[in-house]
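Undergrad: Quick one: structure below, then a few questions.
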Amino acid sequence: MTTYFDKIEKISFEGEKSTNPFAFKHYDANQVILGKTMAEHLRLAVCYWHTFCWNGNDMFGLGSLERSWQKNSNLLAGAEQKADIAFEFLNKLGVPYYCFHDVDIAPEGNSVREYVQNFHHIVDILERKQVETGVKLLWGTANCFTNPRYMSGAATNPNPEVFAWAATQVFNAMNATQRLGGENYVLWGGREGYETLLNTDLKREREQIGRFMQMVVEHKHKIGFKGTLLIEPKPQEPTKHQYDYDVATVYGFLKQFGLEKEIKVNIEANHATLAGHTFQHEIATACALDIFGSIDANRGDPQLGWDTDQFPNSVEENTLVMYEILKHGGFTTGGFNFDAKIRRQSIDPYDLFYAHIGAIDVLALSLKRAAKMLQEETLQKIVNERYAGWNSELGQHILQGKTSLETLAQLVQQKDLAPKPVSGQQEYLENLVNQVIYS
């Protein structure tokens, strides 16, 4: 295998006392927690786009990162070299999965014919590398937002020919995902939204994207894809307002088009921040609506109004996220994909390892703390007591539709009900959480 990161062999677990920057302090893949290993709980994945495609550019500056494979004048040869380096990284980091967009792995070319040929060529290579390394595909997707043809959207575009081009990419990306054993297929509508309502037909665009998603579901069943379809919510950026604003919005959309049993959500932490929610809120909402699927692990900056895609570094935040996931029974086909990028000034190639090692340890420690909270029923006992009244005859009659507004009004008057407020104990609960996290 090509050696690009020749400074290290393989990242291993050395424990909390280790000072080796190229070692895990908390992530022991084989440690059993609540009946499953850490690896089985976390199902870690590295993303192709930020890790191997981004060159460090931003809106105000050119690329700052030295990536030899990006300098190859033969774009297809550069993509082959990128695949070599990507799988070297994945193998040395020791994660079980990776994720990609179609044009992350292969150059788009100048025609649909070139696009298909290039994509299939690299998929052949990825298939061989998966066999060689044992690394698997968590999910694939199609980039239907970067090319200028998508400036007015993909499925929501006013031109049906653009809709057809997006369908072509999704068709090929879904087929490749199935071929590579991908466990999910993600749909992120990067430009499925609007800049101004002055030139937008909201009803029409909603119907267009609804039909597009129905076609995706139809194709899934046609080819026998056994993985999970996922929509990734995001409120804005690059458009002013996106139709998949947050988890609750996506659920309403799925219900409208009869897709709530077919598609779940891939939740990104930074997107929750942009939507004005906590990461925990979005996870809890998805679990409550039974559409929780997978996670893009990263963090945003509350002081900034854009997608910073930083690596997760808060055990406090992720313990509560992990707690919600464990309560829900954990992942089925989903996992933690690091949709995160190193900072533009992090120009050492090994900064990629530092970033992923630190983030993986954060999730591992968060898992251990969340498992302790779940086992000790630290919070659940108080929540159960708080809602105990709904297990009474009155509560059950209300929920089962055995009473009415009139009946309840009569009951309150007859019994002169005067319910007394009970403390929510928020401060006490916060203390309990901190006690678990910092013990």
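Residue numbering: from 1, along the chain as shown.
Every residue gets a Cβ built from N, Cα and C, even glycine.
Sharing the features that Swiss-Prot gives for it:
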ACT_SITE  His101  active site
ACT_SITE  Asp104  active site
BINDING   Glu232, Glu268, Asp296, Asp339  Mg(2+) 1 binding site
BINDING   Glu268, His271, Asp307, Asp309  Mg(2+) 2 binding site
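Help me picture these features in the structure, burial and contacts included.
TA: Same-chain residues at least 6 positions away in sequence with a Cβ under 8 Å from that of His101 (active site) are, in sequence order, Tyr48, Trp49, Gly140, Thr141, Ala142, Asn143, Ala173.
In this view, Asp104 (active site) is surrounded by 22 other Cβ atoms within 10 Å of its Cβ, with every protein chain counted.
For the recorded site, Asp296 (Mg(2+) 1 binding site), the DSSP three-state label reads strand. Counting only same-chain residues at least 6 apart in sequence, those with a Cβ under 8 Å from the Cβ of Asp296 (Mg(2+) 1 binding site) are Cys47, Glu232, Asn266, Ile267, Glu268, Ala269, Asn270, His271, Asn337, Phe338, Asp339.
Annotation note: Asp309 (Mg(2+) 2 binding site) sits in a coil segment as assigned by DSSP.
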Undergrad: Identify all same-chain residues not among Glu232, Glu268, Asp296, Asp339 whose C-beta atom falls within 8 angstroms of the centroid of the Mg(2+) 1 site's C-beta atoms; report them in sequence order.
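TA: Here the non-site neighbours turn out to be Trp188, Asn266, Ile267, Ala269, Asn270, His271, Ile295, Asn298, Asn337.
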Undergrad: Name, in the order they occur in the sequence, the residues of the same chain whose CB lies under 8 A from the CB of Asp309 (Mg(2+) 2 binding site) and which sit 6 or more residues away.
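TA: Asp309 (Mg(2+) 2 binding site) has long-range Cβ partners His50, Asn270, Asn298, Gly300, Asp339, Ala340, Lys341.
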Undergrad: Whole-number answer please: how many Å between the C-alpha atoms of Asp104 (active site) and Asp307 (Mg(2+) 2 binding site)?
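TA: Taking the Cα atoms only, Asp104 (active site) lies 19 Å from Asp307 (Mg(2+) 2 binding site).
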Undergrad: Per 10 Å Cβ neighbour count, which of the binding-site residues Glu232, Glu268 ranks highest?
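TA: Comparing the binding-site residues Glu232, Glu268, the most crowded Cβ belongs to Glu268.
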